[in-house]
Structure formats: structure tokens, C-alpha cells
Amino acid sequence: MSGTGPMSGQTGAVRRIRFAFAVTVLGAVGFAVSYGLGGNTQLLGLSLAVAFAGLAYGLAVWGRRLLPTGGFVEQKPELAASPQQRDLLAAATDGPESPLQRRGLVGMLLLGVGAIGVALLFPLRSLLSFRKPDPVTMLRHTAWEAGVRMVTPEGEPVRLTDIQAGTIQIVVPEGHTRDGDAPAFVVRLNPALLDRRPAAGDLGGVVAYSLLCTHAGCPVGLYEQTTGRMLCPCHQSAFDLYRDADPIAGPAARPLPGLPIDVDEAGFLRARGPFTAPPGAGFWSRP
Amino acid sequence: MITRRIYRALDARLGTTSIGRTALAKVFPDHWTFMFGEIALYAFMALLLTGTYLTLFFEPSTSETVYDGAYQPLDGSKVSSAFASTVALSFDVRAGLLIRQAHHWAALLFVAAIVVHMLRVFFTGAFRRPRELNWVVGVTMLALALLNGFTGYSMPDDLLSGTGLRIIYSTVLSIPVVGSWIATLAFGGEFPTPETTPRLYISHVLIVPGIFLALISVHLLMIIRQKHSQFPGPGRREHNVVGSRLWPAYAVRSVSLLTGVFAVVFALGGLVQINPVWIYGPFHPAKATSPAQPDWYVAWGDGALRLFPPIEFHVFGHLVPAPFLPAVGVGTVTFLLLYAWPWLERWRTGDKASHQILQRPRESPGRVAVGAYALTFFAVLLVTAADDIIARLTRIPVTGLLRTLQILVLVLPFVVAAVAFFTARALRAGTATSLGELTREDLHAGLSGRSIDRRPDDEPEERIRLWRNPDDTWRWRWYGPGEELSSNEAFLDRQEALDAAKTAFPGVRVEQDEPPEGVVLPPPQHKPGPATKAAAALVWVAMAVLGRRADRRTPSRSEASE
Ligand code: HEM
Ligand code: FES
């Protein structure tokens, strides 16, 4: 407590509270004015914060300096009733007149309620449309099959000659540009350095793989040409393209599935078949 | 006076007077650690208010639209309605960005306050009988807060949240046997689907907030019924609560806290950018994000996913994918342990008694050790979630850093737990009130588990006085060494007052029972005058600022009934 006596401390406190509430009014006016002048986010936030802070400060001083703090005691009676009262309650719920005494009927009632409960779970199945295949089929199947043309995410077909060493070309199946499971990439590797032949085959060093990380499904966007690695931005898994996209660092445990690649008479890239394995994150029924 | 008329009208219809008197006189312990629950509550209020405003503009749909607005780089581009409306909220709705950012900051604050509040309850043993049920409600609210934070974060359909959503989808997919069904049912098919965003939305703005409102009500009703626990101290007993009354002191301070939380939320919302979705760009399933970190309360999961070695194994020829153990496993085990903790501890200690007096953490070194273990474990996970950033800043290769963190997550929690355990024992054994005061003898006692002989405190000299006020109400006051405590309310008859005193302080002598001339003892430290003056000052300042002439009549006195 500052000041020369209780009263002088109080006048000081009152002055501070009055000032704080005046700041609140200014803040509120500032907010309204900033809004009217176009609503600059910083000014709006600052003025509103100042307005609330004025209230917070003023009320804190009011509560601490002008009002009694502590010094009170409240009794806390035992909540539990006496055993006798509890017995009375129990007798009222399952005494001789109680419907609960008819055990057989209660059993049937529970069975009925349970049956309704189970029956009402069925409509939850509608969350997955019946027009869609069952989950495992969906997860195993992608739109890639023999003859499907590879296009960029913007829908442009890709030629073999577009694939330059040093960068990857992201491709999706023509007509399915926003499918979640289909994104793949095509890259030109140095065929002499291949440690392991790509299971899906290559076109003179040009290979295609699923873009989805086998850890948790993020697109593995980063190609490091010097090492021939694909890096996942999510949890730093790395896949070695010269070893058929084997995982060599990070939490991913499976290689990226390959996509058999072909080139048509017009020079455009097409798939020669589906991915060598279901793409992306694993699941229980994955082969 | 108008308030009296309102009271009379309400009481005549609903009989509110006695509840009202009890409520205003309710005593709250004055300890700073009791504020965190309130902060969580006020952050939730901020979320409700700002969130409701956002719903007026946000369009929860991934159908394609053309963004047409003030943000030049995206103007005219084809994006989803969800993304377009979030960008519009940020650039084209006046004050929209403030509210949007304030909502996000409030969410971070909300979860943080819940966590700190839970730590307070944990380390002081406030979850012990009779408060186990409220612990269970609290743990459920923590889980729901994480869920709602995640659904909110995922709705704008930007590249970052889409990637986060895919990781969650993959994590659900990893659950053995039922994973593919749960994931595809929840998402309406294989990720991404047009069903996802509307489902996230209804869960985020209706289902989960509704459950929250119900649980918060239950939580508070249980507190009112059981009354607060309190730290040990003079006059604090198993059958009383010592502190400030709701009205006037506590209410004023609590509203101060409310406005303080709002001030922080709007200051951050206006001044500190958060989740600039226009920079991340719209979601596309074939686009990779640049490295980015999730909100802090889901980052532990991200860290766990990074730390776990690349192990996938087969059970009966079926695959258990890599995310299962670190994400589903750690989360499930953590929440099961949290739920079970009151019963686990009871089983360990055999303590079945009801507790109204809190423990200091040192009184239960085992619990301190468990808490320290868990905190360290999750701290390492949080750090791991930023391992790419740390690697970039320190130029340590990320693989080496990861190895180190993998070792740390196994070892460090045990080390910290052991240190915490022995420190708690040393503090308990000696008389030190803080770490700095620990003596060598205390430390020895802590290591050996031997206790230092302490003389039991002398039975304190205490008594209770009961008296009658001139208005014929009764009050009592407890006198102990260096402390006086007043009954929180005025009682209508002597017996009622006596019963209350005997409940609060069983066995304490009650004296000066009905002084001959009805001596009136002054109530402690009560100064009604200045409050009225300050109210007058407020009105005066407000009017002056608004440019009106203040008419200096003192506003009618608002009686605070003693
Ligand atoms: C209960 C706790 C809640 C939490 C933890 C929470 C969290 C979040 C988060 C993190 C976001 C992302 C904001 C961003 O884009 O940066 C968000 C968005 C949103 N929230 Fe909430 N929220 C909560 C309650 C509510 C409530 C009660 C409502 C409405 C009644 C609401 C309405 C919205 C809307 C409409 C959005 C999308 C707008 C946007 O992203 O810009 N939220 N929420
Ligand atoms: S999703 Fe690629 S490392 Fe986790």
C-alpha cells in the first residue's frame, strides 16, 4: 500500500481506475474510427485490445484495492447422506412396488432398447455412399491403367521429350486431375547408375513413381538431383530413386510404388498398367 | 430502487432470493493457480463470439468458384468456396482478418490454458476423491479441444491444412482391422472428397461446441456442489473454504481476467499474423507443401510421427502401418492414462479418503516423477516437430538430429523424472520453502528416503465468536494465530450460525455467545464508500469523454448487504 494512509491509497486507486476506464472509452472510439476509416487490421486489433485492457486494469485495481480480499470462510457440509437415507432411496427405486422387480420384463425391455440402438447404427453406414466401392477396393485401385495418358495437374499432356534431367514432372491420369491417390511423377535418371532395376520398368532411364509418401501420404515434392533422392516435406523421409525408390531415411518403411510407363505414337506418355502396389499410406488389408 | 423491484418480481415468481444470497456469498480461494480454469473458460467465450461472426462469412464447401476480391495474386483464380471465403474474410470483409486471427489465437490460448489448468489439478492432487468425476470431464474437454482445433484448422481448404488433413486420414487408416472403414466413413470416401469440409464444419461449429457447453456446465455445477478445494493454511480445514466472496471482490477480479483475456486475444489477432492461407495457396492433392509446422497442440503427434523408426509389421498377414504406434498409440495411451489416473493412484497409495485440502506437489514425489516424465516426453516430441527448422538453423544434418532426439525421447524423461522425484523428496523432508533453500541435509534425506524429525506443530490457539447484529442477523468469526476469518454470510438465526461455525471448524470453542448488549463487531476491512465513488467517477468520465455536460449528482447508493 502506498501513500500516507488508507484514504490516500484509495484516492490514488480511484484515480487510476478512472484513468483506465477513460482509456477504455478512447480505445472503443479508436476502434469505431478505424473501422470507419477502412478497417486497418492492426489499428482495429490494437484499439480493441487497449479498450479491453483498460477494463481489465481498472477492474483489477478496483477488486484489489477497494474491495475486501480474502478473510472470509464458508462452511462445507458433508454431501453424503446418512446410510438410512440411502437405503430409503434404494427402497424407493427397487422396492416391492417397483417395476424393476419384474426381472423378466426388464430384461426384455433392455433387449428391445438395445435392439433399437443397434438398428439405429445402420444409417451411419450412409456416411460412405453406397455408389462407391468398399474401402479396400477403393484404396487399392487408382485411375491408372494401361493406356491412360499422363497429364500435368493443369491437364496438359506430357511428351517423353519434355522430361529433362534435373527436374521432376508431376503427372496425373487424364480426366482425374484431382484424384487423391493418383498423383505420380516422371523423372529422367542416368540409366548407367541404376543400382536396382525399377520394378515397373523404365524408358531409357525415364521412370515414373507414385508421388505419395508411403509414410502418411504427403506428396513427396522435393527432388535432389545430385543424389537422386525424393524428399518428403512432412516428416523428412527420403527415397532413393536409383534403388527403385527404396526408403533410406525418415519414418517411411516402404518404397514408392512404381508406375509402368510407355510412350504412344504421338510421343505422349501413357501408363502401361496400374501402380506396382497401392500408393500412399499403408492400411490393414494392404497386400 | 430498480434492483429491489427486479429482485422482488423474480423472487415472487421463482423464489430466487435464497439461492441468490448463497451465490453472492460463495467463497473462492485466493490463489493464482486457480485462474487457469477461468482463463480457459474466457478463451472459450472469445471463441464462441469470434467463431459465430466467422460463420456469417465462411462457406464450408469445396465446390469450385472464382475468387474475385482485393487480394491481387489470387483475383480471378478458380478455387474452392471454402478457400475463397477464407481469403475474402481476410481481405474483403472489413474487420474480418482481425476476427479470424483472434479466433485462431484464442484457440491456441484455450488449449494452453486447459493444459496448464490440468497440470495444476494433477500436481496438487485436486483430482482425488471426491473430484474424480470432474477430472474425467476435464480430460474429455481436453480431447474435444484438440479435436475442434484440428477441424477448425482444416476447414479453409488451403494447402497446409489439406496436407494436415491427409496425415490425419492416413493415421486413421493405420488402425488395425477397422481403419479403412473408419477413415472412409468419416471422410465420405478416399481422401479428398467433397463431403469432408461440410462435415468438418458441422462438427466444428455445432456438434463439438454443443458438447462443450454441456460439459462446461457439468464441470461448473460439480464445482458449485462440491465447493472449491484449497491449499493448506491458517484456518483451512476439510470442512470449509477460505477466500474472497463472489460478490463483490471475486466477481470484479474475474471480470477483470475476462477482459484481460479478450485484450490479449485481440492484440494478438490484430498485430501478429497467424495462418496466412493466401500465402500457402489452395489445396491440390498433387502439390507438396513447403515445410510447415502444425498448431502447437497437434505438433506432439507430428513429432511422434517423425521420431518413430521406419517399422511396419504384419499381424496374421495384415499390415500395421508406420503411423499406428506413434500417432494412434501414443495418443490413446496418453488419454487412457489420464482418464485412469485417479484410480491408478488410489490403487498405488490405498488412499480412499475424501480430500478438500490440496497437496503441495512435493507431498507426492511419485506423482511429481510421473508428471515430469510426461512433460519431458511431450516436450521432446514438440521439439522434434520442428527438427527440420532446427537442422536448418544449426546446420546439423537432419538425420543426426533425429538420431539424437530418438535417444533423448527414451532417456531424458527418466532423467528428469528422477531429478524431480528426489527434489520433491528433499523438499518434503526438510523445511525449505523453495528450491534455493534446500540444505545438504535435505538433499541427503531426499536421496535416502529418510525423513527428518520435525516436531508436530503446537495445537493452535483458536476460538470462534458469535454475535447478533442490530438488524437481528447473526454472524461469527474465527480467530487463529495471526489470522481472522469472517463467516461469509449473515444468518437469520443463532442456531443456523452456530451450525455453520461448527461445520466449518469442528471442535473449536464458540465463545461470547450472545453478548449482553448485542455488541456489533465491525466487519473486516470492508469499505463500501469508495466503490460508490468509483462508480460515480466512471459515469462522470464516460460522460465527459462523450462531450456531454456532466451533471454532478451522486448516483444512488448501491447497498452492499453485509
Ligand atoms: C471450441 C473451441 C474452438 C476451437 C479450438 C476453434 C479453432 C479454430 C481454428 C484453429 C480455426 C482456423 C482458423 C484459421 O483459419 O486460421 C477455426 C476456424 C473457424 N472456426 Fe473455430 N474454434 C472453436 C470454436 C468455434 C465456434 C464455437 C465457432 C462458431 C460458432 C467456430 C467457427 C469457425 C469458423 C466459421 C471457422 C472458419 C473460418 C476461417 O477459417 O477463417 N469455431 N476454428
Ligand atoms: S508423410 Fe512423408 S515422411 Fe511422413
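A Cβ is built for glycine as well, from the same backbone N, Cα and C atoms used for every other residue.
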Annotated transmembrane segment segment (source TrEMBL; candidates B:135-155, B:303-323): B:135-155
Local confidence of the domain 'Cytochrome b/b6 N-terminal region profile' (B:6-232) - pLDDT mean: 96
When counting Cβ pairs under 8 Å to the transmembrane segment (B:405-424), the leader among B:255-274, B:324-344, B:365-385: B:365-385
Within-chain partners of the transmembrane segment (B:365-385) [C-beta distance under 8 Å, separation at least 6 from its ends]: 119, 122-123, 125, 293-294, 296, 299-304, 306-307, 330, 334, 345, 348, 402, 405, 408-409, 412-414, 416-425, 428
